[in-house]
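*Asks:* Quick paste from TrEMBL:
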type	residues	note
DOMAIN	B:11-555	domain 'Cytochrome oxidase subunit I profile'
TRANSMEM	B:28-46	transmembrane segment
TRANSMEM	B:77-107	transmembrane segment
TRANSMEM	B:128-154	transmembrane segment
TRANSMEM	B:174-199	transmembrane segment
TRANSMEM	B:211-239	transmembrane segment
TRANSMEM	B:272-293	transmembrane segment
TRANSMEM	B:305-325	transmembrane segment
TRANSMEM	B:337-355	transmembrane segment
TRANSMEM	B:376-396	transmembrane segment
TRANSMEM	B:408-434	transmembrane segment
TRANSMEM	B:446-473	transmembrane segment
TRANSMEM	B:493-515	transmembrane segment
Amino acid sequence: MTTFLAIIVLVLVAIAIWQMSKIFELSQAHTDNSEVANDKDNKLNGYLMFGFLAAFYIFMIYGVFKWGPLVLGTPASEHGDDYDFLMTMSMVLIFFVQFLTQGLLFFFAYKYKGQKGKKALFYADNDKLEMIWTIIPVITLAGLILYGLFTWTTIMDVNSEDEDPMVIELYAQQFNWKARYAGQDNTLGEANVRLIDIASSNILGINEADPNADDDVIATELHLPVGKKVLFKMRSQDVIHSAYMPHFRAQMNCVPGMITQFSFTPTVTTEEMRADGGIVEKVERINDIRAEKRANGEDADPYEFDYLLLCNKICGQSHYNMQMKIIVESEEDFNAWMKEQKTFAASMGKDDSSNGEMAQSEVFISDDEASIIGVN
Amino acid sequence: MSEHAHHKETFVTKYIFSQDHKMISKQFLITGLLMGIIGIAMSLLFRMQLAWPGESFKIFEVLLGKWAPDGVMDANIYLALVTIHGTIMVFFVLTQGLSGTFSNLLIPLQIGARDMASGFMNMLSYWMFFLSAIIMVGSLFIEAGPAAAGWTIYPPLSALPQAQPGSGLGMTLWLVSMAIFIASSLMGSLNYIVTVLNLRTKGMSMTRLPLTMWALFITAVIGVVSFPVLLSAALLLIMDRSFGTSFFLSDIFIGGEALHYQGGSPVLYEHLFWFLGHPEVYIVLLPALGITSEVIATNSRKPIFGYRAMIASILAIAFLSTIVWGHHMFVSGMNPFLGSVFTFTTLLIAIPSAVKGFNYITTLWKGNLQMNPAMLFSIGMVSTFITGGLTGIILGDSTLDINVHDTYFVVAHFHLVMGISSLYGMFAGIYHWYPKMFGRMMSKNLGYVHFWLTLIAAYGVFFPMHFIGLAGLPRRYYSNSAFPLFDELQDTNVVITIFALLAGFAQLFFLWNFFRSMFYGKKATQNPWKSNTLEWTTPVEHLHGNWPGEIPHVHRWPYDYSKTNEDGEYVIPGQDFVPQTIPLQDGEEEMNH
Ligand code: HEM
Ligand SMILES: [Cu+2]
Ligand SMILES: [Cu+2]
C-alpha cells in the first residue's frame, strides 16, 4: 500500500517537473511572448487532454475494482434487494453516461485543438439535436422516477395493518442509543423527556402511570427476530440524531419533539451474514489490518462481523462514536433473550400496574398523536 | 452620460471606499481569495486527521494551539473546522467571491453601462461582506471555539450551548456574520438586477446578452428570492437562542435538566434552511456556467451551441431550483408523500442540466480550440459538472437516498458538482478577465501547471470518496477508528488526503501567478482573446465611466465567431470574430432574431 502511494506521488511529481521543464523550454523558444496560447500550447494541451482521458478511464475502471469491494454487500432486509437493484441500475446508467460524455468532451478537446489558420465551423443551433437530448433524459428519468417512487412508497408505508409489525422505540441521546420494546401488548407506554428522572432511573421519561408502559423493555443492544416486520419509532432527547442501519438499507432522523418512524423486515440473521461470502472476505481483510495494528502495539481486537446502528446526523463531540450493536436471530433465540430482560415495571420496583397517580398529564403526547405529528 | 463627473479622487476613495464597479470587483476577488486560502487550508488539516486519526502533528499544535494538545486534534475542533470550511467555501468564496467579483466587473462592461445602478449600494455591499468575513474569521479566535454544528447549523445542536462548545459565542458570531453577509448579498443582487434591466446600451436587447450576463442576472434573482428565507431562519434561531422562544425547539432534556421549550420543530428550520440551501447550489453554479459559456465560445472560435436553449435551461434550472429543497430532507421525518414530490421535481432538474452539458460538448465539436488556461478550466468544469451531476440522479431518488444520505457519497457528489465545478469556473473567469481587471496578463505556463495538477488531484480526492460513502461511512466523523468495520477504508482515506495535499500545493502556482502578474505580468493588449463582447472595447487603463467617449452601440449577438458569408469568407476579412459593435453587413442575417 505504502509503495502504491509512493508511486502515485512520484508519478505526480514527475508530471509536475516535466511540465515545468516544458515551461522553461517554451518560454525560451517562442517569440510572440504574449501569454496567449499559440500552436505549441494547443498541441501540448490537446495531447494532454487525450492522455488525461485515457488515464481517467483507467482510473475509473481501476477504482471500481479496487474500491468496489469496500461497499456494504448483501442487504439484510426485505426491501434491501429492491434497493440494491435500483442502485445497480442507476449506477450502470451513470457509468455508461459518464464514459460516453467524458469521452466526447476530452476527445473533442484533443481532436479540435487549435491551429493557426484553421477555420472553425459556424454552427449555432440545431433544434433536432436539442430535442434529442431533451427527450432521451426525459424518458430515462421517467423510468427511474417511476421505479424509485414505487419502491419508496412501499418502503415508507409503515402502517400497513395486515403485517402487524413489532413496535420498537429507538431512543437517541448524546452519545448513545437505547431500544425500548413494546412488550406483550405491542404498545409503547407514553413518554416525554420532561418525565426523565435520573435518580429513579427512569432515563427515557416513560410515564409510570401508563399501564402500557409496564411490560416495556429497555435494552442497550438491538435484538431482532428474523423474518418479522419491525416498526421503529424514533425519539431523541437532546439534538437531532439519525438512526442509520446501513446493512438494512435503513435510515431515519431522530428529532426532539416528535416521533419519526421507519420499518423493515430483517431477512438474514447475524450468524448467516457472518457466513456470507462477501462478508467473510471483508472480515478477513479487516482482520489482516488489525493484526498489523496489533503488531505495531495498538490495541485492536480481532474483528467479528455485527450489524450496527450508527448515528448519521452531526450531534456533537462524540458523534463519530455513537453506536449500538444489532443482533438478528431466530425467533426462539429472540424470545429467550427477551425473557432475561427486566420489564420497565420491574426495573422501577413496582409490581402491579395500577399504582401511581397521573402527574403533569398535559405534557404527554400520546403515541398516536405524536406519530401524526411525525408523518406530517 | 458621456460627460462623466470628474470629481477628485483620493487614495481612500479610489482604493478603499471606491464606488467604481471595477475596483469593487477587485476587492471582492481578493477578499474571496484570502477566504479561500483559509477554507482550503482548513480542509487540509481535517483531511490529515482523517487519514492519520489521533496522530500528533506539529502543524496542528502550531495552528490550532490549545485545541490540539500535543499536536493531536480535538474532536470539537474537527467539527468546527469542517463547519467553517463549508461556510467559507460556499458563502464567502463561491457566492460573494465569485458572483461579487464577476457581476461587478462584467455587468456594466458587458451590457454597456458606465457603472452599476447604485455605486453607493455597491460599495456598501462590499463593505458588509468584508465585515461579515472579519466576524467569521474572528470567531476562530474566541475562547470556546467557532461554530461547529456543520454549515447547515441544524438546531437544537446549534441552539443549545450545552450541546457543544461551538454553540456558545461561536454560533452567535456565525449567525451575526451570516446576517450581515445576507444583507450584503441582497444589496449586491438588487443592484445587479436593476442594472441589467435598465442600463443596457442601445441595441443590447435581452437576446443579445452574453450568457454570462444571463447567468449572473438569474443568479441575482435566485438570491433575492431565497436569501431572505435564510435570514428569517437565522433570526428565529437567534430568538430561540437568546430570548427563549420555541420556534425550532421542543421537549429537550440536556445537561441533566428538561428545558422549557415546547411546540417548535427542528424540521421547520430544515425547510427554511434548504429553501435557501438548494438554490444556493445554483447561486454558486450558474455564474460558473455563465463564465464557461463565454470562455468556451471565445476559445473554440465558435458560437455557443444552442444559445436560446442555454437561456431556457438557465431559466428552467432557476425555477426548479426553488422547488427541490426537500431532497435534503428525505429522512428528516417529513411526510413520505412530500418525499415523492421532491424526487419528481429533483429529477426534472436533470433535464436542463443535461441539455447544458451536451451543448457545451457540441460547442467544442469542429472548433479551433485555443488552449488558454481559462479554456482548460472551462473544459475541466464541464467534466466535473457531469461527473458530479450524474450522482445527483442517485441522491435525488428518495429511495436511494435512504442509505447514502449524509455519507461520504454526498460529500463526493456536492464537491464535484458544486464545489469543484464552480471553483474551476472561477479560475476560468480569473484567467480570462485578469487582463481586464489588472491590465496585465497572467503567465499561461504557470496556468497550465495549475490546471493539470488541480484536475488530477481533485478527481483523486473526490472519485474514491464515492466508494467509502457506499461502504456506509457517515460524514462529519472525527475519526473512523471507532468502528472496526471501517478499518479497511483507512488506506483509501490516506490516498484521498495525499491528493488533497497535492491539490492544495497546486494552488500555490495560482497564487504566485496571480499576485506576481499584478506587478510583473506582461502588459495586456486591448482584446487579447479576440473576443466579441463589449468589455474588450474599453481601454486597458481603467477609466471611471468605462468608455472615454460615447458608449458603443450593439448591433448583433455576441457569438459571431468564425461566421462566414456566402463566399465562405469571414464577415470581416482576415478576422474570425465580429464584435458586437460591428453593424450587420450587406446581406448578413443576424443569428437568433
Ligand atoms: C482541497 C479541496 C477540498 C477538500 C480536500 C475538501 C474536503 C472536504 C471534506 C472531506 C469534507 C467533509 C468533512 C466531513 O463531513 O467530515 C468537506 C466538507 C465540506 N466542503 Fe470541502 N473540500 C475541499 C474544497 C471545497 C470546496 C471548493 C467547497 C465549495 C463548495 C467545499 C465545500 C464544503 C462543504 C459545504 C462541506 C460541508 C461542511 C459540513 O459538513 O458542514 N469544499 N470538505
Ligand atoms: Cu448522534
Ligand atoms: Cu439540493
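Even glycines carry a Cβ here, placed using N, Cα and C.
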*Asks:* Under 8 Å between C-beta atoms and at least six residues away from its ends: which parts of the chain pack against the transmembrane segment (B:174-199)?
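*Replies:* That would be 87, 91-92, 95-96, 99-100, 103-104, 107-108, 111, 113-114, 116-118, 121-122, 124-129, 131-133, 135-136, 139, 146-147, 153, 209, 213, 216-217, 219-221, 223-224, 227-228, 230-231, 234-235, 237-238, 241.
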*Asks:* Per the definition of 3+ C-beta pairs under 8 A with sequence separation of 6 or more, do the transmembrane segment (B:446-473) and the transmembrane segment (B:376-396) touch?
*Replies:* yes
*Asks:* Within the same chain, where does the transmembrane segment (B:128-154) have neighbours whose Cβ lies under 8 angstroms from its own Cβ atoms, ignoring anything closer than 6 residues to its ends? I mean 6 or more beyond.
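*Replies:* That would be 27-28, 31, 35, 38, 67, 76-77, 79-80, 82-84, 86-88, 90, 92, 96, 100, 164-171, 173-174, 176-178, 180-181, 183-185, 187-188, 237, 266, 269-270, 273, 277, 476.
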*Asks:* Sort out for me which stretch, of B:28-46, B:211-239, B:305-325, B:408-434, B:493-515, has the most Cβ pairs below 8 angstroms to the transmembrane segment (B:337-355).
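*Replies:* If we count Cβ pairs closer than 8 Å to the transmembrane segment (B:337-355), B:305-325 scores highest.
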*Asks:* Which stretch from B:28-46, B:305-325, B:376-396, B:408-434 shares the most C-beta pairs under 8 Å with the transmembrane segment (B:493-515)?
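*Replies:* Answer, by Cβ pair count: B:28-46.
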*Asks:* Answer with yes or no whether the transmembrane segment (B:408-434) touches the transmembrane segment (B:272-293) by the criterion of at least three Cβ pairs under 8 A, sequence separation 6 or more.
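*Replies:* Between the transmembrane segment (B:408-434) and the transmembrane segment (B:272-293), which are separate recorded stretches, there is contact, as judged by 3 or more close Cβ pairs.
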*Asks:* Between the stretches B:28-46, B:211-239, B:305-325, B:376-396, which one has more Cβ pairs under 8 Å with the transmembrane segment (B:408-434) than any other?
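*Replies:* It is B:376-396, which has the most Cβ pairs under 8 Å.
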*Asks:* Same-chain Cβ contacts of the transmembrane segment (B:305-325) under 8 Å, 6 or more residues past its ends?
*Replies:* 207, 211, 214-215, 218, 221-222, 225-226, 271, 274-275, 277-279, 281-282, 286, 289-290, 293, 342, 345-346, 348-349, 351-353, 355-356, 359-360, 362-363, 365, 396, 557, 559, 591-592
*Asks:* With Cβ-Cβ distances below 8 Å as the criterion, list the same-chain residues six or more beyond the ends of the transmembrane segment (B:28-46) that contact it, or say none.
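*Replies:* Beyond its ends, the transmembrane segment (B:28-46) has Cβ neighbours at 59-60, 63-64, 73, 78, 81-82, 84-85, 88-89, 92-93, 96-98, 100-101, 104, 126, 129-130, 133, 137, 430, 437, 500-501, 504, 507, 511, 514.
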*Asks:* By Cβ distance under 8 Å, which residues at least 6 away from the ends of the transmembrane segment (B:376-396) in the same chain are close to it?
*Replies:* 285, 288-289, 291-292, 295-296, 299, 324, 327, 343, 346-347, 349-350, 353, 357, 360-361, 364, 404-405, 409-410, 412-418, 420-421, 424-425, 427-428, 431, 447-448, 451-452, 454-455, 458-459, 462-463, 466
